[in-house]
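Read through the structure below, which is laid out as C-alpha cells, and then see the notes.
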Amino acid sequence: MNSTLDGNQSSHPFCLLAFGYLETVNFCLLEVLIIVFLTVLIISGNIIVIFVFHCAPLLNHHTTSYFIQTMAYADLFVGVSCVVPSLSLLHHPLPVEESLTCQIFGFVVSVLKSVSMASLACISIDRYIAITKPLTYNTLVTPWRLRLCIFLIWLYSTLVFLPSFFHWGKPGYHGDVFQWCAESWHTDSYFTLFIVMMLYAPAALIVCFTYFNIFRICQQHTKDISERQARFSSQSGETGEVQACPDKRYAMVLFRITSVFYILWLPYIIYFLLESSTGHSNRFASFLTTWLAISNSFCNCVIYSLSNSVFQRGLKRLSGAMCTSCASQTTANDPYTVRSKGPLNGCHI
C-alpha cells in the first residue's frame, strides 16, 4: 500500500504552483505557460533592440548606447537561459545532474540580472554627468572608459554571486523550478544581506539620486528660460510663446524608471530578505516574485529605447527593410511583375 502511494507521488512532477498541474498533460501547465511566455517575450524584444542598434548608426553616437546594448545582450542571455527550466518542466532530459544544473542556472541568471541592473545605474550616472558637466563631458566619458566600465560591470557581477558555489547560500530563487534547488539549496541571511548591500541597494540609491537631481536641474533650467523669455518679451513689446516645459519629459522618464524598477524588483528583494532571515518559505511567493523580476529583462530596453526618437526611426527602418525584403522576394517569384531598377530603401543589417 505504501509502495503504491509512493509510486503515485513519484509519478507526479515537482511543481512550485501545485494548482497548475494537470493529470492529462503530466506537467506543470501554469509554470510552463508563464516561463515560456516570458522567454519568448524577452528573447524577441531584445533581439529587436539589438537589430535596431545595428540598423540605426546614429544610435551608436550616444554614449548610453554602450550600456543599452549591454543590457540588451544580458537580457537576451536571460531569455535564452530560461529555455533550460522550460525544457526541464516539459520532461526533457538534463545534460548534467539536476543539482549542478540548477546551481549553474541560478548563478548565470543572477549574474545577468546584476549586469542589467548595474547598466541601469551607469546610464543614470552618464546622464547625470552630461547635465552637470556638459563642457567636460567628452573628456570625462570616452569610448575607452565606457568599455572598461562595461568590463568591470561583468567582472563585479560575477564576483558578487561567485560565493554561491562555495556553500555561502542560494543567490536567489531562479533555479527553484528544479526540485533540488527548491528543497535542498537554502538561502543564508548573511549572504542575502551581502548581495543586497553590494548590488540591489547601491543600484537603487544611484538611480534615485541621479534622476532626482537631473529632474531638479532641468526644472531649474526651464524656470530660468521661462523668466528670460518673459523678460525679453516685455522689453520688445511682443508676447512670444513660452516653449513647452522640457522638465515634463524628464519627469515622465523618471517616473517610468523608478516605478518599473521598484514594482518589478522590490517584491523580490523583500521576499528574499524575509525568507532568508526567518526561514519560512512560500513556493508561490518565490515563483511570483522571481519571474516578476525576470520580466524586467523585457521592460528595461523598452523603457530606455522607446523614449529615443532615433531608436523609433531605426525601428521604422528595420520594419521597412523587412517589408522590402518580403516584397522583393515576392517580386522575384512572380514573373509577371515589373521590377524596379532603383535601389531598394531599407536597412542593411
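Backbone N, Cα and C atoms are what each Cβ position is placed from, and that goes for glycine too.
Owing to the predicted nature of the structure, the values given are computational and were not obtained by experimental measurement.
Membrane sidedness, as given by the topological domains in Swiss-Prot, is identical for C55 and A321. Within its own chain, the topological domain 'Cytoplasmic' (126-147) is flanked in space by residues 63-64, 66-67, 210-211, 213-214, 217-218, which lie at least six positions past its ends and keep a Cβ under 8 Å from the stretch. Among the stretches 33-53, 76-96, 148-168, 192-212, 284-304, the one making the largest number of Cβ pairs under 8 Å with the transmembrane segment (105-125) is 148-168.
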